[in-house]
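K.L.:
Pasting a structure here, questions to come.
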Protein chains: 4
Amino acid sequence: MANNKREDILKAALTLFAERKYDGTTVPMIAERAQVGAGTIYRYFESKEVLVNELFQECVKSLSDRLSSNLLNPEYDLRHQFHLIFRRLTQFADERIDALLFLDSHHNAYYLNEQSHRVFSEMLELFRQLLENGKNDGTIGALQSDAMIAIVWGAFVHVFKTIRVGVLEQSAELLAGVEESCWNAIKRH
Amino acid sequence: MANNKREDILKAALTLFAERKYDGTTVPMIAERAQVGAGTIYRYFESKEVLVNELFQECVKSLSDRLSSNLLNPEYDLRHQFHLIFRRLTQFADERIDALLFLDSHHNAYYLNEQSHRVFSEMLELFRQLLENGKNDGTIGALQSDAMIAIVWGAFVHVFKTIRVGVLEQSAELLAGVEESCWNAIKRH
Amino acid sequence: MANNKREDILKAALTLFAERKYDGTTVPMIAERAQVGAGTIYRYFESKEVLVNELFQECVKSLSDRLSSNLLNPEYDLRHQFHLIFRRLTQFADERIDALLFLDSHHNAYYLNEQSHRVFSEMLELFRQLLENGKNDGTIGALQSDAMIAIVWGAFVHVFKTIRVGVLEQSAELLAGVEESCWNAIKRH
Amino acid sequence: MANNKREDILKAALTLFAERKYDGTTVPMIAERAQVGAGTIYRYFESKEVLVNELFQECVKSLSDRLSSNLLNPEYDLRHQFHLIFRRLTQFADERIDALLFLDSHHNAYYLNEQSHRVFSEMLELFRQLLENGKNDGTIGALQSDAMIAIVWGAFVHVFKTIRVGVLEQSAELLAGVEESCWNAIKRH
DNA sequence: GATGAATGAGGTTTCATTCAT
DNA sequence: GATGAATGAAACCTCATTCAT
């Protein structure tokens, strides 16, 4: 736990960015929620913009690490691999919903630097690899992988946004249904 | 030409909100893009918050009007009705991509008032009705309609976000594939 | 009735200046109360500052005219002359309370020009003359006339301010008592 | 030296409010005179309106504290008590002329809240008590106490306004004369 | 290292004034 | 003549950032 304050700040910022976006979050808001002085934030991050980028990259890494462990074990068939990846995504959404929502807001985010955009695309490589394999063995449909990724990611995140506002209620059954839907969206028919 | 300035302001605001979100957009930015004085904005809208809500509701209405004309013609089968609705969504995305992205940002938007949230849910009734009909005649799967709506909307919008940043290239073929995917996500298997 | 609009504007401005002072009154407020367009005000007055000065001088003239008619008739004794002047002041306060309050706010009013200050002092000459006469014939005390004027004017206006906020209720008896008090303040004992 | 900046701001605001009234005084003006950044004012006062009310109440307290110490010592006769109160008012006017003028501007001041109006009336209780005592022992005339207070306060403040613009010159003799005049205005004849 | 008071640039909003109709 | 839409300077206020403690 190298540095406690730094973690507190990142955690506070993440919650706020997920709820109010970058520009709707002020540095004093972050400081208050992190229970540190406003000046302290600047001992750990050069600026608000540096903070948001480090946080973004940390979130990408967090998701990436979860997804990439033992993922593409060739012993499993594609559907099962999809199930595993979906379960990991779900766990991530459960444990780090703010991180998921924050990651999803990256499109067109003028405050993210090139590195942030790059690590995000790199993370998607995992999905792409899975899909490519599936196309090779005839399990996955013919649509471009990037479109499929957009479909599954967009659907998945939007389901969790809808849960968050209370319109959907989370349950194992719901998530199983969503997984099946997403699989149907990409599998070869 | 009714009220030119008001339209100019709304159009400028829409572009900026879609690109930079509410808090990342300043009133002078809107004024400059609309080619009006900053003060002029306040002749048409009481405040920035009133502006964003009127704009949001106008965008909902715009999409709503497109979707609801002749939609549920019972002569057509469900797949065809889905095709028609998807085509209208696509046209809307083509002609008013900013409106689509702005509409999508409404979750947890603290600056939207109750009416804005309500008109948005009302618009979704259309989708819900279609899905209910499909469940009755056995065409659509068993997943809750709200989840299906989240899946299709989330997928659709995310595809257009991906097109926007240049990762996907829009084509009739792509959109046909996305439509098929979305249909597969919700149809009964 | 030379110019109706001009009068409407002056009347509206007077009420507002009396209630909210110069800087608390906006030109649109004046326009609304006068039932004219904001631009119309500028056909009659070069600027808000010119307006306030013309209005001030008009109010001074209005009070001046009332006070100076037949005032210092040497047939009357000083007490009676004081009574007459007091009655005229009272009538002015009754009919033009806003004008009285506006006139009273002139001290330190940075927006009044030299002419405005001058016509006000000239109006006070009347009082001064009365007091000088009284000192000569032994009716009035020895205090400097300017101090006596300040005492009587300050007392008189403050009584009407107190009536206005509802702490005192106006009545013939009250005013007779105030007149007597003021006379006692300046007469020779 | 407790809180220097807060005092500096209040002092600067008082001078400006006395000279230019509430709406004629801008926050940057206060900041410049107080030699602080404009933003600093908002660390001490929520808004300009809160500032003016805190300042007003502080001025009332300041005058109240001076007046109420040992005031109604029953050993002294009424005239002497009046003398003492008048001397304290004079000292207040000498040392805190801005506070006196600012206090006097409270009538109809839409920016003052109920508490501000209340503490001001409470301060006047002192005067009222003195006058009631005088009426009981036959020293003071029959006019309503509120009217007498208006007369003396109005006269007193207007004399100091007149001194301030240079028309009267302050001297012990002048003030003795004004005191005598004010006493004559209220005493039983 | 940590703080939060202080700042001023820049945010939202108002308003005296202009000018096309 | 009269209007009120339009403007931009300047109002009130916020906030990213600095720095003395």
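All positions are counted from 1 along the displayed chain.
Using the three backbone atoms N, Cα and C, a Cβ is placed for every residue, glycine included.
Model, not experiment: these values are computed from the prediction.
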K.L.:
Quick one: which of C:26-45, C:146-165 does TrEMBL have down as DNA-binding region?
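P.N.:
Based on what TrEMBL states, DNA-binding region spans C:26-45.
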K.L.:
List the helix, strand and coil residue totals of the domain 'HTH tetR-type' (C:3-63) as derived from DSSP.
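P.N.:
For that range the per-state counts are 48 helix, 0 strand, 13 coil.
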K.L.:
In the predicted model, what is the mean pLDDT computed over the domain 'HTH tetR-type' (C:3-63)?
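P.N.:
Across the domain 'HTH tetR-type' (C:3-63), the average pLDDT comes out at 95.
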